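K.L.:
If you scroll down you'll find the structure; I have some questions about it.
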Amino acid sequence: MKQDASRNAAYTVDCEDYVHVVEFNPFENGDSGNLIAYGGNNYVVIGTCTFQEEEADVEGIQYKTLRTFHHGVRVDGIAWSPETRLDSLPPVIKFCTSAADMKIRLFTSDLQDKNEYKVLEGHTDFINGLVFDPKEGQEIASVSDDHTCRIWNLEGVQTAHFVLHSPGMSVCWHPEETFKLMVAEKNGTIRFYDLLAQQAILSLESEQVPLMSAHWCLKNTFKVGAVAGNDWLIWDITRSSYPQNKRPVHMDRACLFRWSTISENLFATTGYPGKMASQFQIHHLGHPQPILMGSVAVGSGLSWHRTLPLCVIGGDHKLLFWVTEV
């Protein structure tokens, strides 16, 4: 391994707007390209990208915009629906956004004439996280600074409502058992809810605040990761409600934590935009130091490719992609 893990982005894509959030589609979409969505001050853009790591005849990255959706307000979060398919006739693009006006918008498009959106209203403060139920895609969970986690159906009706003790920062759905939901709070508590019984069944404590982001490891659902204060933290929920591992990473406070979709030992973190740049790091649990470090002028958002050890971050009028090894 190289001594210096710092490096520039492997690939970049120019965008027409500052990128606040970016998300690879985490679900199989029936097509060879990888769907990606990013949001700026006014728009959500849906595109496909293919990388040389997966297609021999591609040089670097091949990117194509499929559709731009007018949003009218800053986009803060994006979640893909598992109902999205590129191989159906017509194709189905389905995703939802959270925005600065405290509303969730559910978009459906066939990439031709049908472009619909529905507004889900109810949160009374900033929405920090949202996610579709990964099996059927018939429900959306969201968490907010208003100290609630809410479950919505696709008609915009709230089907469940959990009162939190502090702002809700992240929400994740169990990939197989869709009645299990993980909610992370800013006060350092991570709770698992049983949606059938509508009650908490387990909780973890970070012992550090503020907890800014947490993520359930989809390769091993006994693992949960988070960033709180300057540190990353990892729990094994079968062993303790306190972290098994933790390490300081970002001097200017850590911001986001995301597990890789292909390895239970690989994860990425970002720091808050500092005076000069946002720090981005990829970590491997077998290595004491980050295996890759990058810096983005004004970075926000963080997402892993579904099948490659590749991350994307949004920046000033661009998307930046980093590649690592598993």
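Yeah, the Cβs are placed from backbone N, Cα and C, and that goes for glycine too.
In case it's useful when we look at the structure, here is the feature table from Swiss-Prot:
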REPEAT    6-54  repeat 'WD 1'
REPEAT    61-109  repeat 'WD 2'
REPEAT    115-154  repeat 'WD 3'
REPEAT    159-195  repeat 'WD 4'
REPEAT    199-237  repeat 'WD 5'
REPEAT    242-282  repeat 'WD 6'
REPEAT    287-324  repeat 'WD 7'
K.L.:
Across the whole of the repeat 'WD 1' (6-54), what does the mean pLDDT come to? Round it, please.
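P.N.:
So the average pLDDT across the repeat 'WD 1' (6-54) works out to 94.
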K.L.:
Is the repeat 'WD 3' (115-154) packed against any residues at least 6 beyond its ends, judged by a Cβ distance under 8 Å, and which are they?
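P.N.:
Cβ under 8 Å, 6 or more out: 26-27, 67, 69, 76-77, 79-83, 94, 96, 98-100, 102-109, 160-173, 175-176, 178, 181, 183-184, 193, 195.
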K.L.:
When you scan the chain for residues with a C-beta under 8 Å from the repeat 'WD 7' (287-324), skipping those not six or more beyond its ends, what do you find?
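P.N.:
For the repeat 'WD 7' (287-324), the nonlocal Cβ contacts are 1, 5-28, 34, 36, 38, 51, 53-54, 61, 249, 256, 258-263, 266, 268, 270, 273, 276-281.
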K.L.:
Please give the sequence-distant neighbours of the repeat 'WD 5' (199-237): residues at least 6 beyond its ends with Cβ less than 8 Å from one of its Cβ atoms.
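P.N.:
Apart from its flanks, the repeat 'WD 5' (199-237) reaches 162, 169-170, 172, 174-176, 180, 182, 184-193, 243-251, 253-264, 267, 269, 283, 285.
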K.L.:
List the helix, strand and coil residue totals of the repeat 'WD 1' (6-54) as derived from DSSP.
P.N.:
0 helix, 24 strand, 25 coil
K.L.:
In the repeat 'WD 2' (61-109), how many residues does DSSP assign to helix, to strand and to coil?
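P.N.:
Tallied per class, the repeat 'WD 2' (61-109) gives 0 helix, 31 strand, 18 coil.
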K.L.:
For the repeat 'WD 5' (199-237), DSSP counts of helix, strand and coil?
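P.N.:
Residue counts for the repeat 'WD 5' (199-237) by secondary structure: 0 helix, 25 strand, 14 coil.
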